[in-house]
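Everything below concerns the one structure shown next.
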Amino acid sequence: MAGAKPGVHALQLKPVSVHEALKKGGKFIKWDEVRVECLLMKPEVETLDISHIRDTRTGKYAKQPKDPKLREVLGFGKGDNVEGKLVTVVYGNDLVNISFLNFQAMQEDTAKIWTDELFTLATNILSQNASRTTFLLRAYTKLKLQVNQDGKIPVKNVFSFIFLYYFLSVSFYSSFSDLFLQSEGIKPDDFTWEAFQKFLDTLCLRPEIQSIFEECGSKRKPFISLDQLMDFLNRRQRDSRLNEVLYPPLKREQVRQIMEKYETNSSQLERDQISLQAFTRYLGGEENSIVPPERLDVIDDMNQPLAHYFINSSHNTYLTVGQLTGLSSVEMYRQVLLTGCRCVELDCWKGRPPDEEPYITHGFTMTTEIPFKEVIEAIAESAFKMSPYPLILSFENHVDSAKQQAKMAEYCRTIFGDALLIDPLEKYPLIQGQALPSPQELLGKILIKNKKKHYHHRPSSGGSIRRRETEEQSSPNNGTQRTRHMTKNIQPKSEIEGVFFIMGVFFIFFVGGEGESEEDEEDEPVTELKKPNSDEGTASSEVNATEEMSTLVNYIEPVKFKSFEVATKRKKFFEMSSFVETKGMDTLKSSPIEFVEYNKNQLSRIYPKGTRVDSSNYMPQLFWNVGCQMVALNFQTLDLPMQLNMGVFEYNGHSGYLLKPEFMRRTDKHFDPFTENIVDGIVANTVKIRIISGQFLTDKKVGVYVEVDMFGLPADTKRKYKTKTSNGNSLDPVWDDDMFVFNKVVLPTLASLRIAVFEENGKFIGHRILPVSAIRPGYHYINLKNELNQPLLLSSLLVCTEAQDYIPNEHQEYAEALTNPIKHISQLDKRMTQLAALLEDNVEVSYMNPPDPSGQSVTGLLSVPRVRTKHGEAAFSFYAPNVLNKLPESLRSAETLSLFKSRLKTHLEPNEPVQQELTALDQEIAKQTLQLKEWQMQELLKLRQQLHTVERAKQQAHLEEVGALCDCVCREKKELQKILDRKRQNSISEAKTRDKDKAETELNEINRKHIQDSVTLIRRLEEAQTRRQDKLMLRQREVLQHIDEQLPMVSSTERNVHKWTQGGAISHVFSLIHFTSLVLVPVLFSCAL
């Protein structure tokens, strides 16, 4: 997706290196709230895959026991710094359901070393994207460590670890060595890496690798030569898109080094040969990864303006489940930041007495609340653990209290410290036309996105806040006053999503994200609640910022989007706008080029629509295609859009920033994301992939299949390829499907290839996201990852890929000639040889030099060329009987030779008067044809205009019908709301007259039943409305289909006109005009009907 720096990238990623303290081990006490145990005394060995570790913590950030007895056992309250000895390991397969391992070290420095080193190992990018051989080595190491009380490796552990119990029959065990048939277990010293590899080779026969080996030239021999391997590496495994100067083909010395690394037989190395086993190890080695390791590093230029990057962004970061109910969690901020996210959202609300501490929650819903201060502390802890590049905090501020806003600003200043960017950089003042600073210049900084106070407005906003604060403090029952104030300015019931009553407090019920209000709205009192929108959600009730919060806002100032023209005129690049996905989609469809231009200088944020109450996500690729930087998603839902987001932002060093393609950054170029044609300056690609086999895909004995999808521009996106389902084999299935071809990928730097594996019932197993611009051609293993983009230990696919520059069909021959000029010239010579016989048979006298009287040839006097025109052939046929038979005698004199030349010249020259007449006739015909063609085109244009008018009328009628339907829907919804409200009020009135002891319970039950009934009835109403709308759309499609059916007749007529006029058939043109009028008039009449 990103544009790389020019030249060869020097890999800066740190290789996996284990600290000496970790190699030696250490003494720890493992504890939880139930028990305490010493690790050295436990007989069974527990293991944890380091790739599943999400975080490690020590000191005040580590978990502390709550049980008093446990605290006493661990030494709390005895004066020693127990906090510094605590170590917490956080692990899990998603962001919500995480687990904690709690330890206490003997010394503080031990806890510090283990915390830092474990986190470094767990987040090592090369380790997360290791080779197939490395993952097998991890599996081997895990098995070797899991010994029983006798110090032996249980055989059942080996078999269950690689799913054997589901696949092997009793007779199959006889093929294993005695090592794996010992009932009492295997000695660790006998369980060597070579024995484990041999065991896997016996378990999974690999005929597909044998076929690849024969393709290299083995010819059923157990080895290939060094030259054959070099040809294979440079011909099949090398990326033809690379510059041969910067990335030259491998030389013999380099190929020899590869052979020495994987070939264990010295005798074959002496003969410059590599065996099948060594070749198999090479295919799974680190040199043969599907993506070059430098693409995992920070390879993008990080000195471009902030608007030139895609930024990994989160929506409603605090939520753990849906948008209406469920827990809000401080831990979610840590987990989201640890994925590399660089923009998190904070929905801030006014705290209640007596503490008056602002809190974070999803407004007007039943989600829980979390303290604002704890969230800021969690962000400060994890902000730059995964990426050092700037972090953006997107505030949705509903705190209508100047005192509490000042408290929020103070928390940000004191907790973030120097990391908080308060004043603009000297080189980047907040003026018109000034570009934003780069991620490199904002390294380690936190930026605040919050509405900003503008001092040119009336001070009514601030005064209103201060008056409100005074009233709250002076009121003895400010809780009641606050409730009365909240309900005072509520819009009519029909204009909001719903209102429900619980425990004497009214709640406004609607869901969604945030939007930006206009500057002029700052003049409105902050205590008024504006009309909410079902898509934009609580944005409209966001309050104005106080001076304390405004001072924290600099390069990311939110404003309401008015138009691209206004933004271009203002040229305030520090202003940004947020779009709900529905509005963003409408803008994308109506003004795609303008959207791209806007995003070249200013930031835009997209967030999910409010009706996604299940926290589902939209496809982020839609908005990446127009250059939107902050495409915010619900991180708690690991659906396909979130998986794509995780896979895409895995590259460029997990920095959370990806440089946009060049055409989305250059102001002198315009880019249409809907283009289907090749863009000047962008080299399109052709990508092919064949799924060959799978290894250890799942522990179930089920069939599996693979899906291959391409995500990119609309013209590039294809989601249609799928292999056959294997016949109950998920251990080592082999597919013989053809290549999946993506013929033309217009913008490879923005396209991603997704390979996903599923069980036959559709259950997800694993996948991998690959950038098209980085895919290596050839045979490679693809190690699969889970929904959170964590690597699976054993699951992998063997694939064959081809990636090359796209060449149109009409230019294929030229490309092949340039690629292999020797072969092309050989083919031309062969064709010339084949045609030579025909040329000699037709013209036998060409280049004849008759002898002179002295017996020598007359060179230069006559050398008749091979004339390929009709006149030339006629000349030779005319002279052959009379002249050519007497040629030896006639050529003895120069006069005869001169006469022959003059006659030949005269015959070859056309008759001048006849030629003039023919020319005049052709000109006259051409003139009349042109006139008739122009007249015909005018008539066709008139008919097309009439057809367009009829179509416009039908569209207008359709819009009127849609408008009427919308009005009907609104009326029905209002009536239903009134009925439901009357029913609720009656129920409440009845409940109040009953026993007061049961009133509270009954009121809660009434409200619950009211909500359920409301949801059911509204759903039924929406279903009925949807059916009516579908019928209306069906009638509209039928009309449009009828128009489309008639259009080919018009097009066919136009083609016939062009064809006949070119042929000069005057009489046919007049008959065609009559025919056209007979065809098109009924078409227009039928369209009008």
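Glycine is treated like the rest: Cβ placed from N, Cα and C.
Lifted from TrEMBL, the feature list:
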| type | residues | note |
| --- | --- | --- |
| ACT_SITE | H315 | active site |
| BINDING | N316, E345, D347, E396 | Ca(2+) binding site |
| ACT_SITE | H362 | active site |
| COMPBIAS | 535-544 | compositional bias 'Polar residues' |
| DOMAIN | 549-665 | domain 'PI-PLC Y-box' |
| DOMAIN | 668-792 | domain 'C2' |
Nearest-integer angstrom distance between the alpha carbons (Cα) of E396 (Ca(2+) binding site) and H362 (active site): 10
Residue among recorded positions E345, D347, H362 with Cα closest to the Cα of H315 (active site): E345
DSSP residue counts for the domain 'C2' (668-792), split into helix, strand and coil: 6 helix, 57 strand, 62 coil
Number of Cβ atoms other than its own within 10 Å, given for E396 (Ca(2+) binding site): 26
Per-region confidence, the domain 'PI-PLC Y-box' (549-665) (mean pLDDT, whole number): 96
Between E345 (Ca(2+) binding site) and H362 (active site), the C-alpha gap once rounded to whole angstrom: 11
Integer Å distance between the CA atoms belonging to H362 (active site) and D347 (Ca(2+) binding site): 7
Neighbour count (Cβ, 10 Å) for H362 (active site): 26
Three-state composition of the domain 'PI-PLC Y-box' (549-665), taking helix and strand from DSSP: 43 helix, 20 strand, 54 coil
Separation of alpha carbons, H362 (active site) and N316 (Ca(2+) binding site) (Å): 8
